[in-house]
Amino acid sequence: MCAPGYHRFWFHWGLLLLLLLEAPLRGLALPPIRYSHAGICPNDMNPNLWVDAQSTCKRECETDQECETYEKCCPNVCGTKSCVAARYMDVKGKKGPVGMPKEATCDHFMCLQQGSECDIWDGQPVCKCKDRCEKEPSFTCASDGLTYYNRCFMDAEACSKGITLSVVTCRYHFTWPNTSPPPPETTVHPTTASPETLGLDMAAPALLNHPVHQSVTVGETVSFLCDVVGRPRPELTWEKQLEDRENVVMRPNHVRGNVVVTNIAQLVIYNVQPQDAGIYTCTARNVAGVLRADFPLSVVRGGQARATSESSLNGTAFPATECLKPPDSEDCGEEQTRWHFDAQANNCLTFTFGHCHHNLNHFETYEACMLACMSGPLAICSLPALQGPCKAYVPRWAYNSQTGLCQSFVYGGCEGNGNNFESREACEESCPFPRGNQHCRACKPRQKLVTSFCRSDFVILGRVSELTEEQDSGRALVTVDEVLKDEKMGLKFLGREPLEVTLLHVDWTCPCPNVTVGETPLIIMGEVDGGMAMLRPDSFVGASSTRRVRKLREVMYKKTCDVLKDFLGLQ
């Protein structure tokens with residue numbers, strides 16, 4: 001039997017030995033490896049290949065570990081990062097992520113995501129989205145409501161979004177009623193007419209669904225889809241109706257700031273800001289005609305949507321006279337995008353509100369403006385031709401505000417609008433306004449403020465003191481307050497004498513430009529011929545405001561017209 005001290009001795013030596021062995025292991029602990037998924041971000045491959053161009057910027061991430069194995073955490077157009085499908089460059093010598101086993105194969109390695117395929121990256125099998133598709137067309141209708149060039153493109157889209165898409169039966173749209181037996185109601189591959197028959201079988205663009213007003217909170221993402229049919233297939237463009245500026249036309253695959261037009265001509269606005277509010281217009285064109293559809297967008301700050309909704313339903317009648325007042329554009333401090341009712345356009349439009357509160361014609365949202373001021377029916381002649389989702393396919397007529405003519409279109413039989421007439425005669429009887437009714441359309445200058453300024457021979461601020469009507473022309477005496485531009489008349493020598501301006505080609509039942517006698521200061525832009533000041537129906541004549549005048553002074557100071565000379569074709 002061993003003595004008790006013997007056991008105690010070996011116990012202490014054992015503890016000491018364990019401590020000595022553990023200390024080096026602690027010192028040799030490896031630093032943590034920052035794991036990175038295979039591949040590179042799309043905008044590292046091509047600066048113009050923006051991430052997340054058709055999704056919602058909601059799949060935010062900080063590192064690759066938060067994403068699927070076939071994805072990377074990449075910067076997006078919203079200023080954050082999103083999980084998106086990785087891209088690959090076929091360049092020898094590129095190194096992949098560290099710490100992965102080599103000499104692996106794709107045998108027995110399955111990629112579960114639709115549209116992904118196995119690839120070896122630095123000896124490691126990984127799943128990546130297909131980056132090449134065959135060029136042969138086989139139009140495929142998918143469960144997301146879109147039509148893809150072929151099945152491969154549908155699978156690639158599903159992979160890039162991390163979703164599942166399935167093939168669905170395509171909707172077949174007749175372009176015109178036909179006396180021959182109708183084709184099958186549905187077909188997987190839509191048939192197309194040969195080029196030789198296009199001249200005999202054409203249809204102007206028509207909408208399938210009503211344009212909808214959307215109201216979103218700051219920071220959200222919103223999209224508009226202009227669902228249009230026609231033969232031949234219409235070309236689509238988007239533009240925002242801008243105040244005193246030329247509209248910027250955007251085509252498919254176009255990015256401008258936080259606004260993207262996708263390859264299917266869907267308008268997407270990311271990280272919406274207050275200044276993004278307004279009316280976005282879709283224009284569809286083909287050889288048979290043109291169509292314009294307006295999509296209003298209201299932007300409210302967080303917590304403001306409920307207050308706006310409640311205030312519009314509080315039962316208080318809005319004074320009708322306030323709706324007829326011009327927008328309050330004076331600058332009294334903070335500027336904000338608001339909506340005002342335009343009586344001539346019979347619609348609500350955006351403007352820059354300067355918080356002067358000279359009148360009540362300013363609203364937070366398009367809906368609040370329409371509820372307060374749209375007491376009468378909507379001007380049906382300004383509505384786009386609407387085919388609707390049904391398939392009765394009957395010929396109808398609609399007034400086209402772009403061409404000023406009534407044109408034929410195909411009506412599906414349901415969910416149409418008021419711009420729908422059974423005959424050309426009925427259409428012409430009602431549009432552009434009912435005969436015998438003296439309501440006139442709003443006068444529209446050919447160009448916006450800056451372009452009109454650069455193209456005009458003279459620009460003055462003044463008030464009309466006298467107006468003389470003649471058969472198809474007229475004369476106006478204008479008291480000039482200030483001369484902003486004068487290239488051919490020498491107005492600085494005029495002194496306080498009124499300037500005589502000749503009005504050309506005037507229809508006095510609905511005169512344009514709308515020159516009226518009064519004390520309201522106007523901005524008048526016109527041409528000079530033989531020393532005579534002249535205004536045409538599309539000349540710019542508008543109410544003077546601090547903001548407009550400030551803009552024109554800025555154009556003069558910066559010599560903007562010299563920069564635009566080549567683009568505008570000025571001499």
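Every residue, even glycine, has its Cβ placed from backbone N, Cα and C.
Within the set Cys226, Cys323, Cys332, the cysteine that Swiss-Prot bonds to Cys282 via a disulfide is Cys226. Recorded disulfide link (Swiss-Prot): Cys61 to Cys73, out of the candidates Cys73, Cys74.
Candidates considered were Cys57, Cys74, Cys78, Cys83; Swiss-Prot assigns the disulfide partner of Cys67 as Cys83.
Looking up Cys381 in Swiss-Prot gives a disulphide bond to a cysteine among Cys323, Cys332, Cys431, Cys440, identified as Cys431.
Classification of Cys129 (disulfide bond) by DSSP places it within a strand. Between the alpha carbons (Cα) of Cys427 (disulfide bond) and Cys348 (disulfide bond) lies a span of roughly 25 Å. Cβ-based neighbour count (10 Å, all protein chains) for Cys454 (disulfide bond) stands at 21. Reported as a whole number, the C-alpha separation between Asn514 (N-linked glycosylation site) and Cys226 (disulfide bond) equals 34 Å. Of the listed disulfide-bonded residues, namely Cys129, Cys406, the sparsest Cβ surroundings within 10 Å are found at Cys406. Here the C-alpha separation of Cys226 (disulfide bond) and Cys348 (disulfide bond) works out to 20 Å.
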